[in-house]
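Asker: Take this structure, written in structure tokens, and hold onto it; I'll ask about it next.
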Amino acid sequence: MEPLAMTLYPLESTQPTRNKTPNETTWSSEHTDDHTYFLVSLVICSLGLAGNGLLIWFLIFCIKRKPFTIYILHLAIADFMVLLCSSIMKLVNTFHIYNMTLESYAILFMIFGYNTGLHLLTAISVERCLSVLYPIWYQCQRPKHQSAVACMLLWALSVLVSGLENFFCILEVKPQFPECRYVYIFSCILTFLVFVPLMIFSNLILFIQVCCNLKPRQPTKLYVIIMTTVILFLVFAMPMKVLLIIGYYSSSLDDSVWDSLPYLNMLSTINCSINPIVYFVVGSLRRKRSRKSLKEALQKVFEEKPVVASRENVTQFSLPS
């Protein structure tokens, strides 16, 4: 069974060599000539790069650092990486620029960014879920640098997973050995048995919290953007990974299924591009209609109000009688 490059990267670099002749690039001629697809994809990536770049700048220089904004900053960096590498790959394949080194690094860093985004979204969901289930611990016992440490560990995990996928399954350094199969199994377990279930379960709890509105002072906007971002990721970004995994284990997929891969890749770039828009729109929502600057909207949406009625109650509850 031929290894099929997994995770995010699409038809441009990872599709098996069907419809391929020495005079063609990795895409079939049908997709290479599809200038509409190329232009739309490039516009999406360009807007996403601008939006995430602006978000990164605001989070670093203009908005006070908080536990939640640390996660959002790292997520924006991961999305920026995916969009940049996707843009490079589209330009390389459209203009027939043959550069294996550039292509290899673009694939590696895009897989790296995709995996990191998945891990960070799960961490964000789990942490907010814990703030709902254990509000006193979150206010009083949560380690000060937990967000930064968690982000570093998740980046390290992504380096491991992405490096294994790239080394054994994409570059095929040792194609005569079955390591790629084990890498796929490890990646599938990590994704579909650990991170995705945690993400979904945590967001179900947040959804119940928002619907029941048991504690009015809870940062509802924060929960809304978390749930929206996760739903967008599951709808737009996950189908690519699922299809490529199925393609690795099934040699009987119809060509029409492979033809959908470039469009699934476009959906994944939409997912990376739309997050800053979600933050701004949710941050701008207000009962009183008033225009807000981008900075004010972001500050509003990233506010973390106390999750209990008052600090006195927390102190009274936590001190021995």
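The backbone N, Cα and C atoms fix where each Cβ goes, glycine too.
Relevant sequence annotations retrieved from Swiss-Prot are reproduced here:
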TOPO_DOM  1-35  topological domain 'Extracellular'
CARBOHYD  Asn23  N-linked glycosylation site
TRANSMEM  36-56  transmembrane segment
TOPO_DOM  57-71  topological domain 'Cytoplasmic'
TRANSMEM  72-92  transmembrane segment
TOPO_DOM  93-102  topological domain 'Extracellular'
CARBOHYD  Asn99  N-linked glycosylation site
TRANSMEM  103-126  transmembrane segment
TOPO_DOM  127-147  topological domain 'Cytoplasmic'
TRANSMEM  148-168  transmembrane segment
TOPO_DOM  169-188  topological domain 'Extracellular'
TRANSMEM  189-209  transmembrane segment
TOPO_DOM  210-225  topological domain 'Cytoplasmic'
TRANSMEM  226-246  transmembrane segment
TRANSMEM  248-271  transmembrane segment
TOPO_DOM  272-320  topological domain 'Cytoplasmic'
Asker: Note down the number of other Cβ atoms within 10 Å of the Cβ of Asn99 (N-linked glycosylation site), including every protein chain shown.
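Answerer: Result for Asn99 (N-linked glycosylation site): 11 other Cβ atoms within 10 Å.
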Asker: Do we see three or more Cβ pairs under 8 Å linking the transmembrane segment (189-209) and the transmembrane segment (103-126), pairs being at least 6 apart in sequence?
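Answerer: Checked: the transmembrane segment (189-209) vs the transmembrane segment (103-126), in contact.
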Asker: Averaged over the topological domain 'Extracellular' (1-35), what pLDDT does the prediction give?
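Answerer: Mean per-residue confidence for the topological domain 'Extracellular' (1-35): 43 out of 100.
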Asker: For the transmembrane segment (103-126), what are the same-chain contacts with Cβ under 8 Å, counting residues 6+ beyond its ends?
Answerer: 5-9, 13-14, 68, 71-72, 74-75, 78-82, 84-86, 88-89, 92, 150-151, 154-155, 157-159, 161-163, 165-166, 170-171, 191, 195-196, 198-199, 202-203, 206, 226, 229-230, 233, 237, 241, 268, 272
Asker: What stretch in 36-56, 72-92, 226-246 has the biggest tally of Cβ pairs under 8 Å against the transmembrane segment (148-168)?
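Answerer: Out of the listed stretches, 72-92 contacts the transmembrane segment (148-168) most.
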Asker: Is the transmembrane segment (36-56) packed against any residues at least 6 beyond its ends, judged by a Cβ distance under 8 Å, and which are they?
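Answerer: Beyond its ends, the transmembrane segment (36-56) has Cβ neighbours at 72-73, 76-77, 79-80, 83-84, 86-87, 90-91, 94, 262-263, 265-266, 269-270, 272-277, 279, 294, 298.
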Asker: Please count the residues of the topological domain 'Cytoplasmic' (127-147) that DSSP assigns to helix (H, G, I), strand (E, B) and coil.
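Answerer: Output for the topological domain 'Cytoplasmic' (127-147) reads 16 helix, 0 strand, 5 coil.
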Asker: When you scan the chain for residues with a C-beta under 8 Å from the topological domain 'Cytoplasmic' (57-71), skipping those not six or more beyond its ends, what do you find?
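Answerer: Contacts of the topological domain 'Cytoplasmic' (57-71) (Cβ under 8 Å, skipping residues fewer than 6 from its ends): 120, 123-124, 127-128, 142, 146-148, 150-151, 222, 294-295, 298-299, 302, 304.
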